[in-house]
Each structure stands twice: as C-alpha cells, then as structure tokens.
Amino acid sequence: MSEKKINLLDLDRKAMRALFADMGEKPFRADQLMKWLYHFGVSDFEEMTNINKVLRQKLAARCEIVAPEISSFQKSTDGTIKFAINVGQGQEVETVYIPEDDRATLCVSSQVGCALECTFCSTGQQGFNRNLTVSEIVGQIWRVSHFLGFAKDTGERPITNVVMMGMGEPLLNLANVIPAMDIMLDDFGFSLSKRRVTLSTSGVVPALDKLGDAIDVALAVSIHAPNDELRDILVPINKKYQLDEFLAGIRRYIAKSNANRGRVTVEYVMLDHINDSTDQAHELAKLMKDTPCKINLIPFNPYPGSPYGRSSNSRIDRFSKVLMEYGFTVIVRKTRGDDIDAACGQLAGDIRDRTKRLAKKRMQENQISVTMN
C-alpha cells in the first residue's frame, strides 16, 4: 500500500522547514514553496518556477496540496457572501466573507458543529462532529481567496482580516488552530497583521492560557450575561469556568499580548427581555470594570426554532448609554448577511440537516415503539 501523501496546507513554516530538512533541502526552499501556496495560490508543483525540477519531482512524489472545496455560496443584498465548504465525509462548514469600505473580513470555522450548546446560537444547537484540520482551516481562506482573486490577479488583497468566529469553539481545537493562525500571520503565509486576526472564545480558560503562551492575536470574549446565574443558562460552559475565572484568564492574556493594544473585545448578544435591561447594563459595567475592554453589543439574529427574540433598538440604545456612562467604548454591531443566515449565531451548515434527520428518525422509532407496546 502506498504511503499517504503529506498535505502541505497542514504545515506551518516550522513544520514545512522540518519536512524540507528531511528531504535534504535548505530552509529557504520551504519559504519559497509557502510563498507559492499563499501569495500566489499555486497548487501545481510544475508552476513553481524558482524551485528546481528534481525538488519538484520529490515534492510531487511525497506531498500534495489539497484544500476543501466550495460546495455552494449565497450572496446577500449587502454584499456578504456565505460559502458552504465541503470538508469531506459528507460534512460541510460555513465561511462568511464580509466586505466593507476599508477592509474585507473572512469569518472562519474551526470545528464541524460545536459542543458548547449556547442556547442563542444555531450552531450550538446542532451538536458537535469533529475538529477541523489545519488544512481545513487555512483552506477556507485559500479557497475564498481563489474565488475572489489573489492580489497577483486583482492588484489588491482579497481578505484583510480573519475572525475565528465561525462554527465551533476555537480553543477546543488548539492543536490545529494555533498552526493555522501561524500560517495566517507568517510573512510567507497569508501575511496578516496580528491585530487583523481575531479569535473568539466562550471561555475555555486553561486553553486560553495556552493560547497566550503560543501566539499573539486579537481576542474577543463571549460574555453575553452580567452574572453567573444567567450565563449558566445562555453559555453552559460557564458552569465549569465561571465569570471570575474567565475574567482572570482574560486579564492574563491581555498582559501577554501586544495585538490587543491593552484591551479585548467583549461580545454581548442582545436578547429581548432576557439580558438587556438597564439594571443588567449596570451589572455588566461593574463586572467588567477591572478588565480593559470595549463592548460590542450584537443584536440577536433569530434562527428557526430559536427561543429568543431580538432586543428592540430602544432597549439596545438604553443599554449602550448606561455602559458609556461608565466610560466604556460601546459598538452596536451592524447585522450583516442575515437574509442568507450568515449573521452572528446563524451558522449551522450540514449539521442542521443531519440533526433534523436524526430527530425525525428518533421520533419515528418512538412511534414504532409505542405502536408495538
């Protein structure tokens, strides 16, 4: 049986150089190859003209360049594009491109599904399947860059920012997320600024400490409630890592980080008459007073079967004003792509359909059982 080929999109620069050393090649050859991959989007070794023919043949015999494919895409009226990315085994994840006047952000998934079961999030309600590999994470950027056109073709960078805010909890997939972000930041990779790569977490505190020791990127933290009692319901991982512990971990990360410029972004979804009262705004302000942050209020994006409603503009405005009275910088996130279910909390991919099929199957089995009894 032939040996499985190495997918070069799985390798950060350290691993790529180790592979080339194993082949008896100098480190700069690995750097050249990475540049072909990520600056020019080349996947055919024969097109890598500054790499000699013998090495190209060695690479072709031992390695491959395989990224997940785009299955389909939908374009919103506001220009947002939601991509369904086929990661094999009949599974898909969703990746969202958000163009703005001064930037173009790609929202990337880290897992097929999510295990955290946040009650306001469509992805969290669909269950967890598996972690994505490095090539499946960076491959989302690579494929969308091909779709939009690399800088060599268009004259401008197609993606300026990456946010790890798609499907999944990134800190539960650190083994693949860290090398993937290394490739995003690497000068021979996607060459993004560390301030333009953001990881969002719901609070896996031990993994947050490991992240801070391994890499420096911007951090967004999903708080969503001003106290443990409510957060236990909205974000069930809070039962394991409560707010005091999470906030202490955030402060440790800030102390290690330059990317965050001394503060993180707090994400707070606005749920009608659940977490959006002025009393809760005062409570949130007091909770966050010792943690340097700006606060991003996110109008809830309903999904089929969701138990919550979106806060009214007037309630969001009152909540925001209370926080500003305490001196916080407050941003109300503009909802993008909600007409194609691409907004925050709406991503579910193929898992939604699979969950529906499983639920239908269980219901049918129960009906059969009742009939037999």
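Using the three backbone atoms N, Cα and C, a Cβ is placed for every residue, glycine included.
Annotated active site, proton acceptor per Swiss-Prot: Glu94, in sequence order, evidence recorded as sequence analysis.
Annotation comment: Swiss-Prot describes 100-339 as domain 'Radical SAM core'. Mean pLDDT for the domain 'Radical SAM core' (100-339) in the predicted structure: 95.
Under the heading disulfide bond, Swiss-Prot lists Cys107-Cys344, citing sequence analysis as support. A simple way to gauge crowding: the CB of Cys107 (disulfide bond) has 27 other CB atoms within 10 angstroms, across all the protein chains here.
Cys121 ([4Fe-4S] cluster binding site) carries neither a helix nor a strand DSSP state and counts as coil. The feature [4Fe-4S] cluster binding site is assigned by Swiss-Prot to Cys114, Cys118, Cys121.
The S-adenosyl-L-methionine binding site feature in Swiss-Prot is assigned to Gly168, Glu169, Ser200, Ser222, Ile223, His224, Asn301; the stated evidence is sequence analysis. Within the same chain, the residues at least 6 positions away from Ser222 (S-adenosyl-L-methionine binding site) whose Cβ sits under 8 Å from its Cβ are Cys118, Ser200, Thr201, Ser202, Gly203, Val235, Glu267, listed in sequence order.
What Swiss-Prot lists as active site, S-methylcysteine intermediate is Cys344.
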Measuring Cα to Cα, how many Å separate Ile223 (S-adenosyl-L-methionine binding site) from Glu94 (active site, proton acceptor)?
23
Reduce the DSSP letter at Glu94 (active site, proton acceptor) to three states and note it down.
strand
Cα within 10 Å of Cys121 ([4Fe-4S] cluster binding site) - qualifying recorded positions among Glu94, Cys107, Gly168, His224, Asn301:
Asn301
Here's one to test understanding: among the recorded positions Glu94, Cys107, Cys114, whose C-alpha is closest in space to the C-alpha of His224 (S-adenosyl-L-methionine binding site)?
Cys114
Restricting the comparison to the recorded positions Glu94, Cys107, Gly168, Asn301, which residue's C-alpha is spatially nearest the C-alpha of Cys114 ([4Fe-4S] cluster binding site)?
Gly168
Cα-Cα separation of Glu94 (active site, proton acceptor) and Asn301 (S-adenosyl-L-methionine binding site), in Å?
16
